[in-house]
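S.K.: Got a structure here, written out as structure tokens. Questions coming.
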């Protein structure tokens, strides 16, 4: 779904720790000393850290016992026997295949370390769940048997021409939000009503493409593990293995164009995942482009745009008063200095304080208003459902035993977003890292689309426009100088309707989508399918 507010504020972590303490019976709080490795590592780094960062980590050490309950824990699960699956693809078998090149040299048919991976596949009966009857579906798990990681996926074939239509991987953000929220809340073939009934979605992205929805990293949605993944780079090799084994099992899709799409924290994921795929010479993944919606990709350039978006300069009325806006301005210099230090070292020891300070000083004032951080036009009625009560309905439907059985699910329960994963990534310094630095190398090989609903605060269109204009790459000047043009519907009965603005140069495209919040397909389903279809057909690239 979205960039989780759980990890956004320094006060959020502290509040959670305090709440944990309050809920304990009086006198039951256990005083646990911080692990000695924490003291030793901090001592090694103290000489190189500025005073403010050293003070931050000293406080963390003092309160370390409060943060331990916040780290994600493994899920209860029962692994089904391989004989219960329709297909099992062994990574070791794929890795063992060698072929002879045109000049007689031998090389592996498919690159990558695949030996520890398996892919389990179940053919899902559409009639059993009532979702997209007549459309071929598969679900299952990618297993990394070496590290006990199991990623859940759900594949929907194109409604139109699956033999020729492209294949798209969809990733939600968080970090820690299930891509099944994107399936049922945004762009999948169906939604769930309050009576737990299936409602078909005429604007599903599988109208003209086959779509894979993936729960990642581990312990998100229906995925599980005895260990954890706490940074974006660590997840990249899993994605490569999943796609490689999936296309090996289903070669009919491997020859078609493949695209990676996602939103929010996928602004971190996608540059890394695409770079991992493109780093392999011999592969069965035909990657043609990437699409990032309302993403967090370059914090140093995006964070200065929070104040303008909250204070009336983003096309919507101001949410904050002038005094609060001035306070955000006063905090910005310190915030940017911390992010610059993070960019220089990429060490958690400086990246964590940068995220904690900036999220508290720059994003915190907005959250305190009670407005929806994902849509400046509305209040947040229920923060426990991330301001979208529909998530509760989706979660209830997916937790039905009949649904889990039909999908081959191996965990005991489903939750839409895992706050523990969010905090894991935050406290490992992943939040503020400069993943935008990977984009120039992507642009050398494939087109990149950055789109943004213009009513979102948390990954707002101003910040996304700013970082795309600022990105250093050979086509920088032409892109930055390109004018924004009207984006209009051309594909259906709404032909001529203005849905946003677009600018494009070389392999780089930016879109502003009018009247949409953080989740563009939710607020503007017709507009989202319009630009999605046209992008896949090659327009603007």
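Glycine is treated like the rest: Cβ placed from N, Cα and C.
Sharing the record's features from Swiss-Prot:
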SIGNAL    1-17  signal peptide
DISULFID  177-417  disulfide bond
CARBOHYD  208  N-linked glycosylation site
ACT_SITE  264  active site
DISULFID  311-325  disulfide bond
DISULFID  335-358  disulfide bond
DISULFID  342-351  disulfide bond
DISULFID  380-387  disulfide bond
ACT_SITE  456  active site
CARBOHYD  507  N-linked glycosylation site
ACT_SITE  518  active site
S.K.: I'd like the Cβ neighbour count for residue 335 (disulfide bond), meaning other Cβ atoms within 10 Å of its Cβ, all protein chains included.
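M.R.: There are 25 of them.
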S.K.: Count the Cβ atoms, other than its own, that fall within 10 Å of the Cβ of residue 387 (disulfide bond), considering every protein chain shown.
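M.R.: That number is 22.
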S.K.: Looking only at Cβ atoms, how many others are within 10 Å of the one on residue 456 (active site)?
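M.R.: Result for residue 456 (active site): 32 neighbouring Cβ atoms inside 10 Å.
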S.K.: Within 10 Å of the Cβ of residue 507 (N-linked glycosylation site), how many other Cβ atoms are there?
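M.R.: The answer is 20 other Cβ atoms.
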S.K.: What recorded positions among 264, 335, 417 are found with a C-alpha within 10 angstroms of that of residue 518 (active site)?
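M.R.: Final answer, ordered: 264.
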S.K.: Among all chains shown, work out which of the disulfide-bonded residues 177, 325, 351, 380 has the most CB atoms within 10 A of its CB.
M.R.: 177
S.K.: Find the shortest Cα-Cα separation between residue 335 (disulfide bond) and the recorded positions 208, 325, 380, 387, 507, and name the residue that gives it.
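M.R.: Closest recorded candidate to residue 335 (disulfide bond) by Cα: 325.
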S.K.: What three-state secondary structure does DSSP assign to residue 208 (N-linked glycosylation site)?
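M.R.: For residue 208 (N-linked glycosylation site) - judged by DSSP and reduced to three states - the answer is coil.
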S.K.: CB neighbours of residue 311 (disulfide bond) within 10 A?
M.R.: 21
S.K.: On a C-alpha basis, identify the one among 177, 208, 325, 358 that is nearest to residue 387 (disulfide bond); the candidates are the recorded positions.
M.R.: 177
S.K.: If you count CB neighbours within 10 Å, which one among the recorded positions 208, 264 has the smallest count?
M.R.: 208
